[in-house]
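S.K.: My structure is below; once you've seen it, I'll send some questions.
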Amino acid sequence: MLKDLFGKRKKYASIPSEKAKMDVPEGLMQKCSNCKKIYYRKEMVKALQVCPNCDYHHPMTAWDRIDSLFDNGTFEEWDKEITSANPLDFPEYESKIAKDREKTSLSEGVVTGKGKVNNVQIAFAVMDSHFRMGSMGSAIGEKITRAIEAAREESIPFVIFTASGGARMQEGVLSLMQMAKTSFAVKRFRDSGGLMISVMTHPTTGGVSASFASIGDYNFAEPGALIGFAGRRIIEQTIREKLPSDFQTAEFQLHHGQVDKVIHRQDMNDTLGKLLKMHMDGRQLK
């Protein structure tokens, strides 16, 4: 008995079962992917998905972006019915699209429409990286092109927020065609005197960065956004050199003249509102 009483203590502790752990409802908390601090999700939504601790800009949903920018109740969505097909009969493509539709409540990886920012009417497009990583297929190209053409016809500015991993490989050459299609629409719009503002968010890469995303009258970016065509590893293997640690970040692009300004997300509405108002005459402010 005494031997049992003074025996060596175990050097390990029991781990509580899953049932004994605190029951936290799914979606209640959100961890910052940069500093790893945990917040209530509603706090992050209120902060526009910017970490209060490290200022890291997390991806926003398309509709959260719209709510953060537009005058209350003024946004009208366009072309929601345009969706992706499967022209190459790519295996499992349709099921993946269906899964993303259910997850995001979006019909495609871009939302387009018009509304007012600081009482200025604009045509608008916002890409959502939660849907197929914002990859550009024929449906996204068509929706963006239509939005640009509507801006030209109505003589209003066009503003786009990009977030994309590039062209959608499941659609092959049809996805690559969207680079030329959207870029030509931008050229026609700008030739007619239209104002285009592009805001590149994390990430803006591949065919999107090499087409409409980087040819606005103003090209802005959010802090820390990854902006580039090919990936770092591919470039390093090709040129056989080590790239700078900040290569392809928004700040790197600003330093090298590829973007005009890096704008904090919480300053975006005010900055765009002032810029749009500066460019518009009194007739368009009614």
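Cβ coordinates are placed from backbone N, Cα and C, and glycine is handled just like the others.
For Cys32, Cys35, Cys51, Cys54, the entry in Swiss-Prot reads Zn(2+) binding site. Positions annotated as domain 'CoA carboxyltransferase N-terminal' by Swiss-Prot, on the basis of sequence analysis: 28-286. Per Swiss-Prot, zinc finger is recorded for 32-54.
Walk me through where these features lie, including what they touch and how far apart they are.
M.R.: Counting every protein chain shown, the number of other Cβ atoms lying within 10 Å of the Cβ of Cys51 (Zn(2+) binding site) is 21.
Residues 60, 64, 68, 264-266 of the same chain lie 6 or more positions beyond the ends of the zinc finger (32-54) yet place their CB under 8 Å from a CB of it.
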S.K.: Look at the binding-site residues Cys32, Cys35, Cys54 and tell me which residue has the greatest number of other C-beta atoms within 10 angstroms of its C-beta.
M.R.: Cys32
S.K.: Around the Zn(2+) site recorded as Cys32, Cys35, Cys51, Cys54, what other same-chain residues have a C-beta within 8 angstroms of the site's C-beta center?
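M.R.: Neighbours found: Ser33, Asn34, Lys36, Lys37, Pro52, Asn53, Asp55, Tyr56.
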